[in-house]
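*Asks:* Copied straight from TrEMBL:
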- Gln11, Pro12, Thr13, Gly20, Asn21, Gly149, Ala150, Asp151, Ile188, Lys197, Met198, Ser199, Lys200, Ser201: ATP binding site (BINDING)
- Asp137: L-tryptophan binding site (BINDING)
- 197-201: motif ''KMSKS' region' (MOTIF)
Amino acid sequence: MARPRVLSGIQPTADSFHLGNYLGAVRQWVTMQETYDAFYCVVDLHAITVPHDPAELRRRSRVAAAQLLAAGLDPERCTVFVQSHVPEHAELAWVLNCLTGMGEAGRMTQFKDKSAKQGESAASVGLFTYPILQAADILLYQADRVPVGADQKQHLELTRDLGQRFNHRFGETFTLPQPHILKEVEKITDLQDPTAKMSKSSSSPQGILDVLEAPGTLRKKVMRAVTDTGTDVLADDDNKPGVTNLLRIQSALTGTPIPELEARYAGQGYGTFKKDVAEAVVEAFSPIRERTEKLLANEAELDRLLAIGAERAGAVARGTMATVRDRIGFLPRA
Ligand code: TRP
C-alpha cells in the first residue's frame, strides 16, 4: 500500500531556526520521512506577506533549506523544495481565494495578531490571504496529514473547509488533510520569560536558542535562563515554569523521561542541571550547524538538491492543477 502523504512548510524569516522550530517541526519532519511520503517546503511566498528585503530573503531561503537537509532530511527519502519554485502554489491559491468568504478569512486569529502589530490597515492583502495560500500548499499535494504546531489548527480547519467546498461544487478533487500535532510542540518557552512561547518575533535574543549559534553562546544562554525560587529540579508548570521548560528541553533532546531527570538532580540544585541542559543543546545543534555551514559553502550543490525537490514537487502539483483547471471550467490551451 502507498504510504500516507504528509506536507509541511516552514518560513525562511530568520537567519537560523530556533529550538522551538527544531523540536516542534524539523525533528518531527525527519522522523516522518521514514514512514510517510513526505513533502517539505520552504515557504518563501508566505515570507513576503510582511515587508522584506530581497537579498535577505534569498539568503534565508538557502539557510532554511540547508538546515533542513543538515538536520537529516534526505532527498532520497523525502522531497525538500522551495515554494516559489512551484508556481502552482500561487495558482491554486487564487482559485481558493475565490472560494473563500471575506468573513471566513476575517475570522483567522493569526491574521488579527499579526496585523495588530503593524496596524490593521498597514497589513498587506497577502497577509490577509496567507491561510488560503497555506491551504493551497496542502491541497496541491493531496496531503493526508500536516505536521504543525497547535497554533496552526485554525488554518488546517480552513484548509479542510476549502477542500470540501471545492469537492462539493466541482467534484471530488482534494484529499481532506488531518492535522498532526505533537504535544511538546506547544511547550518550549522563552528562556527569559518562561510563560511565553519561544518565538522569533516576540522573544529577546537571550530567550531564544538558535540552531546555528556558537556553542559558547548557547551555553551562556542556558546558564542565564530564568529559573524559579527554590532549589528543587521539579516539573511544575504553575510554580516553576522556568525549570519545567529546561526539563522539557533536556527530556526532548536526550529522550530521558522527566521523572527520571527529576530523580537524577534531586538535592543537587540548579547548577549541575543547567550545565547538563546546555550540553544537551550543544550536542544536538553542533552537528547540524557544521553540516549547514558545509552546504552553504557549496551553493551550487545546495541549489542542485533543491532543483531535484522542485522537480518532484512540481510533477505532483501540475497533476493536481490540471484537474483543478478542468473542473473549474478554464479553457484548455490547444
Ligand atoms: N503557517 C505555517 C507556520 O507558520 C507555515 C506553513 C505555510 C505551512 N504553508 C504550510 C505549514 C503548509 C504546514 C503546511 O508554521
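Here the Cβ of each residue, glycine as well, is placed from N, Cα and C on the backbone.
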*Asks:* Radius 10 Å, atoms counted are CB only; among the binding-site residues Gln11, Thr13, Asn21, which position scores highest?
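*Replies:* Checking each of Gln11, Thr13, Asn21, the winner is Asn21.
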*Asks:* Looking only at Cβ atoms, how many others are within 10 Å of the one on Ile188 (ATP binding site)?
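*Replies:* 25, counting other Cβ atoms within 10 Å of Ile188 (ATP binding site).
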*Asks:* Let me know how many other Cβ atoms fall within 10 Å of the Cβ of Asp137 (L-tryptophan binding site).
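*Replies:* Here the count is 26.
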*Asks:* Taking only the binding-site residues Gln11, Thr13, Ala150, Ile188, Met198, which one has a CA atom nearest to the CA atom of the residue listed as 'L-tryptophan binding site'?
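*Replies:* Answer for the nearest of the binding-site residues: Gln11.
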*Asks:* For ligand 1, pick out the binding-site residues Asn21, Asp137, Ile188 that have a CB under 6 angstroms away from one of its atoms.
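*Replies:* Only Asp137 qualify.
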*Asks:* Do you know the DSSP helix, strand and coil residue counts for the motif ''KMSKS' region' (197-201)?
*Replies:* 0 helix, 1 strand, 4 coil
*Asks:* Give the mean pLDDT for the motif ''KMSKS' region' (197-201) on the 0 to 100 scale.
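*Replies:* When the pLDDT values over the motif ''KMSKS' region' (197-201) are averaged, the result is 87.
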